[in-house]
Structure formats: C-alpha cells, structure tokens
Amino acid sequence: MFSFVDLRLLLLLAATALLTHGQEEGQEEGQEEDIPPVTCVQNGLRYHDRDVWKPVPCQICVCDNGNVLCDDVICDELKDCPNAKVPTDECCPVCPEGQESPTDQETTGVEGPKGDTGPRGPRGPAGPPGRDGIPGQPGLPGPPGPPGPPGPPGLGGNFAPQLSYGYDEKSTGISVPGPMGPSGPRGLPGPPGAPGPQGFQGPPGEPGEPGASGPMGPRGPPGPPGKNGDDGEAGKPGRPGERGPPGPQGARGLPGTAGLPGMKGHRGFSGLDGAKGDAGPAGPKGEPGSPGENGAPGQMGPRGLPGERGRPGAPGPAGARGNDGATGAAGPPGPTGPAGPPGFPGAVGAKGEGGPQGPRGSEGPQGVRGEPGPPGPAGAAGPAGNPGADGQPGAKGANGAPGIAGAPGFPGARGPSGPQGPSGPPGPKGNSGEPGAPGSKGDTGAKGEPGPTGIQGPPGPAGEEGKRGARGEPGPAGLPGPPGERGGPGSRGFPGADGVAGPKGPAGERGAPGPAGPKGSPGEAGRPGEAGLPGAKGLTGSPGSPGPDGKTGPPGPAGQDGRPGPPGPPGARGQAGVMGFPGPKGAAGEPGKAGERGVPGPPGAVGPAGKDGEAGAQGPPGPAGPAGERGEQGPAGSPGFQGLPGPAGPPGEAGKPGEQGVPGDLGAPGPSGARGERGFPGERGVQGPPGPAGPRGANGAPGNDGAKGDAGAPGAPGSQGAPGLQGMPGERGAAGLPGPKGDRGDAGPKGADGAPGKDGVRGLTGPIGPPGPAGAPGDKGEAGPSGPAGPTGARGAPGDRGEPGPPGPAGFAGPPGADGQPGAKGEPGDAGAKGDAGPPGPAGPAGPPGPIGNVGAPGPKGARGSAGPPGATGFPGAAGRVGPPGPSGNAGPPGPPGPAGKEGSKGPRGETGPAGRPGEVGPPGPPGPAGEKGAPGADGPAGAPGTPGPQGIAGQRGVVGLPGQRGERGFPGLPGPSGEPGKQGPSGASGERGPPGPMGPPGLAGPPGESGREGAPGAEGSPGRDGSPGAKGDRGETGPAGPPGAPGAPGAPGPVGPAGKSGDRGETGPAGPAGPIGPVGARGPAGPQGPRGDKGETGEQGDRGIKGHRGFSGLQGPPGPPGSPGEQGPSGASGPAGPRGPPGSAGSPGKDGLNGLPGPIGPPGPRGRTGDAGPAGPPGPPGPPGPPGPPSGGYDLSFLPQPPQEKAHDGGRYYRADDANVVRDRDLEVDTTLKSLSQQIENIRSPEGSRKNPARTCRDLKMCHSDWKSGEYWIDPNQGCNLDAIKVFCNMETGETCVYPTQPSVAQKNWYISKNPKEKRHVWYGESMTGGFQFEYGGQGSDPADVAIQLTFLRLMSTEASQNITYHCKNSVAYMDQQTGNLKKALLLQGSNEIEIRAEGNSRFTYSVTYDGCTSHTGAWGKTVIEYKTTKTSRLPIIDVAPLDVGAPDQEFGFDVGPACFL
C-alpha cells in the first residue's frame, strides 16, 4: 500500500532532484566559476550534498545544499497482531509467523486416527498477494546514469485547486513532483547488496477490506526551492487601452493553414478511346419477339423418370479399376484356410496391462547394491535451522530480465573525463592545384625587392551576419491585445449511459398508401421447376461417334456381397498383434550372438611391391619459381594515358637557395581562386597608400547591448491569438438530482450475430429473372457430379471368379483381450544384469534439523531470475569509473603544412638573363573572397527609444488550460422534445453564471429525436486504479446471446464433491501416447506421510507402445456443488454490430427509473464558423501587470480553504481514486469511450452500407458480408464525410456497384419532326431535340455534383463497367436495317467522357445488341436492347443517345436507361 510516508518521501526526493537539476544547469552556465562542494555535518559525520541517510531507524535525512532535512518514518498500523516485533535496525513492527488473531482460533477435539492419503486435490486458486516484506538494507550506490533531458516546465504558483492534496496547516508551501522523466539508459549493474535478514513466512491472508485512511503524518521539512518555473500563462486580457501610435512593420508571420479545396476544375480533354467493355446486366424483360431459329442445345435437364427396361446390351470392355469402395460390413467368417508360412518374428509388442497382483513370493537373496536412485521429491520443509556462517560469495548470476523501470534515481556526481579518444582519420586530400607554366631551368635568383603596392582592390562582398547580440532588456509591457476570438464549441461528449426504456407510445393512425416505388431490381433466379413427365419414346437415333473419354466417375454404391472367393495368396505381413499370454518355458536357446570385435592384431609383414599404377591425373600448378635474372633493356613503350594524380609524397628536403631570376612580365590577372584555408598571419607589410574610399560595407555584427533606452510608446494591440486548446475537463461536479424519465432510446447498435436460426419454410418461387447476355462458349466442362443412385437393379448372375485381390491393409489392432489366468510360476531365472535404478521411494518423514554444515563451495550460476518488481528509488551512486575511450572522432581538418622538404638535386644551370626593370603596377585584381567574420564591435551608445511596432501577428494557440475547479451540483433540466439537429449556429458569448433556479416540475417526455452523429473518440484516459467493489445491482434481463468471448481465466475450483458410488471397473484402455511435457506446476503443499510400501522389483524398460484407440467416454459425474464465483474476467472485445433486429412486441410500461449518472464530458465539438467581425471597441484602460516572477521554494497554499479535520486527510486524494463513486464514474467513462471507439473501428473495418455508415463500394460490402442479399445500399467512394454518400444497387453475387439514372425511362412518343424528312442524319436526343435531356445518375433526390465526384472515385476503383439501354421504336430502325441488311441506321451513344460509341467500326468503341426488334417499319411498337461493356470505366455511364431513323410524323421512340454497373 502506498503510504503517506512514501508520498512525502517521494515529494522530498522529487524536490531534491528538481533542485539538483537546477543547480546543474546553473553550473553549466557559469562553468568558469569554481564552486567548492557543499557538505552537511550531523552528529560529527560529514555528508555530501544530496546524500541520504538514516541516523536512527525511524528517521531519514537528506543533505540539501548544506542544510540537513530530516523526516520521521510513519509505520502502518498492524491489526490483530498482539505480539508484533520490530526487527533489528528497522523501524516498523512486523507480525511473526504463525500468529493469528484470536478470532481465528477454535477449540479442537481429540485427534482421530490418521486417514488414508486422499487423492491430490485440484490446484487451489492463487492466494492474494502477501504483505510487503521488511525493506532490505540499502544496496551500494550504482554508478551515476547520464544526465536526463530537462524536465517539463513546472506548474505556476497559482494553480491551487489542482495541488490541494498535500495540505498542511503549518506549511506555507509544498512542492509537487513533476511528471516522471523518461528513464535514462540502463547503468552497469551495481555489486550485489548484502543479504537482508531472513523474513518470517507470513500465512496467506484473506484479502482485507480496504483500511481506513491512516492518521496524518507530521509536517515534512520545507522542500528546497524549486527551479524557476516557466512564465505563467498570460492573464486574462485587460480592457483595451488607448490606441497607441502605429508601430513599425512586424516580422513576417508564419505560413497560414492550407486553404480550402479550390473550385472544381474545368472539364478535362477527352481521353483516348478505351477498350471495348463487357456486357452490362440484363435489362427488363422485353416484349415477345418473333420465334428465333433453333437455339443451341440447352444444358442437361433434371433427371427424368426411369425409362422402360432396355434389352441387354453387348458386354462393354472392361472398365478401368475403380477407386476402393468404402469398407463393407464384415462378412461372416470364411472357412479356415490352410496354415500360412510362419511369419517373421514380430516387433516387440506393446507392454501388456499389468496382470492381477500375484501372491507374494518368498524372500529372495540380498541383491547387489543398486546404484543410488534419483533424488526423491523434496520432503516437507523442516524447521528453519540457525543461520549458517556466511558462504563464499557465489559466482555472479546472469543479468536478470530488465525490471520495470524504477523511479529515476538522483543524478550522480559528474564522472571524471574519459581518456583521450584515438586520433581521427586523416582529413580528405585537398584538391590538386592547377599546373604551373614550365619555368626556364635557371638557378633560382635571390629574393627581389618588394614591388610597389598595387591599387587597392574593390571592397569584398559583405561578411557573414554577425552573431546575434545578447538579449536586450525587456521593453515595457505593450497595450493589451483585443479579446481572442471565441473558441470553437467543445467536441461532443461521450454518449451518456442508456436511459431506462420509456413506455411505448400509442399506435399512430394508418398512413395513406405511398406512391408506387421504382421498378424493382431483377429477382433472383427461381428454383428449377419440377421434373416434367417423361416424353414419348423417341425413334432410335443413329449411333453417334464415340465421344471423348470421360473423367472417371465417382465410385458407385457398393454392390451386394459376392460369393466368397477362393483363399488368396498369403497376404503381406500384418501389423504386430496384441501381446499374447505368456507361453510355457521354452527350450534352451541357441548359442548367443557373436562376441564383440577383438583387439586389432599385430601388423603383418610387409608385402611385395605391387605393379606400377597408371599415370595419375594432371597435378595442380606448382608454386612460383625463383625470380630469373634481369633481362635486357626493352625498347621504350608508347606513352601511357595521363595517370590519376598520385598521393602527395613526403615533403622533400629544402632546396638550396637559387640565384636571382629575371623578373617575368606581369601576367594577366588570374581568375579568382577558391577560398583557401585561413593562412598564418604574415609579417606586417609596409604601410600602403590609402585606397579610395570603398562603397559602404554591410552592417557589422551588432555590438554589445547599449545602455537601456527609454521605454518606447506602447505598440498597437496584437491581433487576436488563436484560442487555446480546450482545457482538461474540470473535476466532476456532484451528481445532480434525478431528472425526469428520459425518452425511449433509439434502437441500440446492431448486436452480435445470433446463433443461426432454424431453417425457414421454403419461400415462394421468385419470378424468373431477365435473360442474361449470351456468354462466350465455355471450355469443355468437367464431369458433372454423379446423379443420385438409381433404384437397386435385379440381382445379376454371379460373375466369373475374379483374380485374388491384393492383400488388404493391415487392420487396426483389435481391443486387448481380457486378462489371462496367471501362468504357472516359472523356474527361477539366471541372475539378471544389474537393474536400472528403481523409482524414487516415497518421501521419508522429516528428520530433525542437522548440524550446521560447512560453508559450501559457491553454487553454479543460477538460472536467470524473473524480472523483479521495480525497486524503490535508489540513493545517488558514487561517481562512476572513467568510461572506455569513445569511438573514433570525425575526420579532422587538414593538418598544417609540413616542414620544409629536403634539399632537391640541383638542376642544370640556366643562362643568366639581363636584369629586368621593375614591372609596372598591374591592373587592380578582382575582388577578394569574403573576409572572415569580424569580431563584434564595441558597444554602441544607447539608441533613442524606438517607435512602437505595428500590431504583432496573432500569438500561437495557448497551451491547454488546467482542469477547471469542481463544478457545483447542477439541477436537472426539463427534457425538451428532441428536435432534428439544427445547423450549427455561431456560438454566443458565454454569459455569467446565474444563481441556481428553483427546481421545476418534471416535463413531459418529448418524442425521440434522430440519433446524433457519433462523436469523435475522446483522448484515451489514463487507466484508473482498481476501485473497491460496488454494491450488487439488481438482476438485469437476459440480453441476446453475444458471441462467445475469449475463454475466461479458470475459476477457482469448487470444493470437493461427495464421493460417488464406486463404478464397475471399465475395460482398461490402451495406453495413450505420451503428452507433451506440461509446464512445471506450482509446488503443492506436502501431503501427509503415507505408509511405507514394499520395495517393488525393477521392471524392464519396455519399448514405447503404439498409440492406442481412444477410450470410451466415462459416464457423466453428478454435478458438484456450485463453486465460489470467480473474479470477473476482463471485458471481451466488443463484437461486431449485428443486423438490426425486428421490432419487438410492446412491453408493459416500466416504472419510472431514476436518472442515470451524468455522462462523461464529451470530446470537443467541431470548430464553429468564424463569427462576423464585431465593431472595433474603444481603447481599454492599461493592461494587467506582467507575469509573476519566478516562484520561491514552494507553492503558497495558505489561501486554500481549511480542510475538515474530523478524518485524517488523504494525502493522495488527487492522485488516487479511493472513492468508489469516482471509480465507477471513471470506469463508466472509460467503458463508454472504449465501446464507442470499438464501434467506430468496427464500422470502419466492416461498413454496413447504411446512410450513416456507408461502404466504399459494393465489392467491399460483399467481401465483409458475403451472405448479404443483393439490394440497395449506401456507398461513399470518396470516403470523408458521409453526407455526400449515394444510394446504389449492390449485386452481391458479383460485387458490382450499379448506379441508377435519376429518370430511368423516356416517354415513347414523337420527339422530333425533321424539316427535310428525306435527309437522314443522327440527331442527339439530349442536345438537339425539344424537351430532350442528357441522362443524370444517382437516384431521386441526390445532388448531381456529389454524384459526379463519387462516380469519379468509383471509376478509379473499378476495372470494368457495363450498361444496358432499351430503345423502344415505332417505324424507326435502331440497329440492323432489314431492307439493306447493314447497320447504317444504327443508333449512336455518347459516353461520360463525350466519346461516341457506335454499332460498327473499331471494336473498342462498338456496342452489342442482345435483342433487336426494331429492324423495319411495321407500324407496331418494338424494342432493341443495347449493351455496352468496357474496361475503360471513364466512358460510362451513357449520357445521350442519337437515333438516325427518326424525323417523320409517324416515327416515334422512347428509352429505358439501365444502371451503370462498376466492378
């Protein structure tokens, strides 16, 4: 249990760590100052800063910056333990082993006789965790970890409501631990601590009731001063000040957020023609056509009734051997066959069942002393011996698994610097210089006199920007900014708990009949009709040509048994039979096996030499021979290619000084070279003549800060900052009074799928679907399934005797026979070999404790322990050893130039030239490279006060506000009628809180509103601590069966039931196979000592038997008494939402329920629209004072209200939820959030196709719900908001998504009169005919813009599309002209990408016709069904049709436009 002392100690340590961290930062900033180490002295002992020690067992002290801070250890109260003991050097008492409270002791009668050992009970439930053991001695300090990253900013000093947990009357302040920093990397393991004293073994206690809060501890010492906190949040804006003069232009603002998506672009150019599409779905049933030619033979009809018996046919050829039939029933036993040849000796049979216990034999002679048996099981633990002398230190164990990260330790002292790392690799090679011009071979001349100074070059480019000057002193506070824009409404709250079901409303009046719905989708194919009567017998046809060999049919039903055949040849060797009874003693055996191989004999004499062998294969090449003598000089080779520049050689020796050369002519100025490394400073040159004044250089680096200027005039208020993030929800207010009864909730989310229902009654046969398009001729089909077995024919005549079949497979071993009678006692055998060690005997009684043994040798290295619990925060360790050298550094810069080389060999002497005169001054050189950055200039004088700056850009969004104070208990409002959700209005300004009104009478229940959209999931709350168990609720009604949850943890075993009656002995099943080795069970308590059995003889090791048959299931035992209820298992994952159930029958109205707990605060709502700009306000009074200075050592909590002192104050109140209601609320919030989240995730993973949860395409729906029927569903191909979802028809057989036109049929009438009826041309219906229109899609009431966007996405996600159009005609040719036999008068179709689709031409742009009834002018109405199928999905849907054969007064037409289907 986390005691108050722990908390105070934790706070003390956290404060120390904060202080230390601040000191380290301070040390780093001013490292030049040498600060002497701070120490503390107590009782004559000196302690370093941050040392922690216990001067007495019940006191703990820390050295804090020279001050000793001590605190008392407060112990937990031990209940029911009169003889508590305080261990040596410890402060808190513990209860010795075996001592129980008086209530547990009962009087006992005389001890009865010892019963037989009972069977081993089932494994008991895990006991509750025992109490914490006595703390061990502190371990040696570990090496210091590396410094952690800086902690998060501390809380400001004015957040009292959040910190009121550590209240103390006497304290003027208290420091609060910051959140835990991330753990540093793991340090080296410290040396093992000294072993703690042996703890007493506590009896496992019952789980106790939660104890009352302990008494309040004494006041802790004042914490060290905290690190300066970050600046507090800005105060509330003051009233606007007077308008200041406009300031200078502000810095450029951050880039704005991305703009809204732009307007829809212009229509793109037509794409290339796509490939021909696939056939669309079948159109509605056409009118009857004229009888067609005979169709291709149809599929095989259902099996007819059996015909008359035919004449016997000629015997067919022998068929291929059929598959083995199913094993027939066992025939009657045949006559005994002749004895087969003796079989091979079988393998050793499985070990037989033990025979019945034989009579005890006479005592045998004393056997040879057996090898020591395996160690028996550990006996019961003896009483603890006296502690032995300390053993040798054991070998270091392997590192344990890393424990849970402990609280971070205090930072250790800084270790000494590591040794110098190895030198870095040599820097990269410099670029080679350009080749010099070849000099004349003269001796080097003496150094000439310096030439005249050249003209000053133009000024170089501006140097780099100087370092940023030190930060100026803060200017005066600016005017307060205008009030921030109103924050958006918060996100939607979590769904409240379900309200109690309201009474059912009265039935409404019957509505008027609705308008006729749109034409239904084609029904599913009807079931096959009943078999027709058999037709009259046809004439015998001519024999057909032999067909191809069919596939082997499935095996027919087994025929009747034939007569028994003659005995077959001896079968293959069967499996070993069951072990027979022991036979009589056999005759003496044959001589034994040959002995083991003898020792090798002595080597024989050397034999004569053999013949020469054949020449061997070519050997591997030999090693290289010695180098030959040097050959003569060869002719000079042709010059090679220019080689790469070689690496720089070692510097040569310095050459001798040459003679003075002739000055050369002045060269033209070279191009500006690359900037060289900074050279060493040269000697000071002669003072040159002053150069002309250069242009003004760039500004130098800013000098040090000048004296503080006068305060500038206040700047204009900055633009409004973005509203801060929504603060954490304030602490929950107390529960309100119960509100009136709520409306009946909407139907809950779809439940998990129920168990499959019973088969329903067969539905009526559906209407026959429209004819599908003709498919391409299929490949030859595989043999169909075998037809049902015909009636059994008359028994055939017996066939000829077949050849003996192959021996069948060996049958399974039969069941083992009953136990045989015990055989006669055999003669004593020869003395057997020494037997294996027998099984371990039963554990002997516990002996008295032995004398203390000698110290044993160190044991072997132990197995790796399991990860221990996280340790308490360790004390700071001593400084670590110097670390190993660091890794090699990065390559260093190129080194300085090497020393002068050795003297070179002297070149041939050149002719001495005449002395030249000094050259003229050359033209000015090009500007030199930018100079190195200059040192900062001296401080400039204080500048004049600047003019105020312009309004700054809006500040960044403020940090999340701290949780508000706990709200007052609210009054329940009247439930209003739930209206439809209104459009989101701009949020009004928040009014001041009015006084609570009087409680109104409960309102009438409003009608249920539509269910709101699901809120976004809230942020994941931190897991609450375990709450105390709530009161038991009333029993709920049985819910629908959920899906089976994950298997719960095994419940605690019930008590042992009464012994059943002894059953008859079952037949012994054969031994099952050895199971896998189970995990080692927990060690059970030692059973009582059983009577000692006689030592059995060691049995021989049998071979492993074959796996036996599965035994029969035993009878079901009587039910045991109910076990105690197990702990509640974790909630199963939320199942997928089931389909919406049918409405239930009306229940009787329930009683008015109490109001449920208020739902958790919802996540923030979507941001509201920006309000209109208000009028500019008048300038306000001066702004609020600036942010507070850094806080002192603690937080001043003296202004908090005095807490009631009747009960001890719970110091961890705000850290721990010990209040059951708080826990319940928290759990409710978490559960609600989890349910909402899992529902949303389930909806994303498995959409329902509803308007609220649309699928992306029908193909997605089919994959998620393969058993759903075809019909209308909602899809949202572009995802995002579901308000633009469209309703489509999903063909669940194929996964096609079919989008219907908004107007599926065009009236049949005369649409067009041509001015010149003889001149025929294609006329577009939507573009050129009066009253015509281009076809739009998406069903009634959908927004065409939404549909266009959704179709674009649907096309992208589809690979093929198809559509049908039916053209109704009267005296108008649609496709084939019967008079001419050509397609000149065929219709044109226009696709979505404005491409024309024709009846003939390029096959990728042609449609097909499945039915053509408009081929001539008959004066009657006909129709032609056009189908277009393509993989270029951008061509569909069709938006216009152009007939050619129209324009006369007697020519009429109309269309039916089918859906465009995408797959």
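Cβ from N, Cα, C; glycine included.
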Ranges in play 162-177, 1266-1281, 1378-1393, 1410-1425, with Swiss-Prot marking region 'Nonhelical region (N-terminal)' at 162-177
Select, from Lys264, Lys351, Lys834, the one residue given the annotation 5-hydroxylysine by Swiss-Prot.
Lys264
Checking Lys447, Lys519, Lys902, Lys1207 against Swiss-Prot, the one recorded as allysine is Lys1207
Taking Cys1258 as one end of a disulfide recorded in Swiss-Prot, give the other end from among Cys1264, Cys1290.
Cys1290
Secondary structure split (DSSP) over the domain 'VWFC' (38-96) reads 0 helix, 24 strand, 35 coil
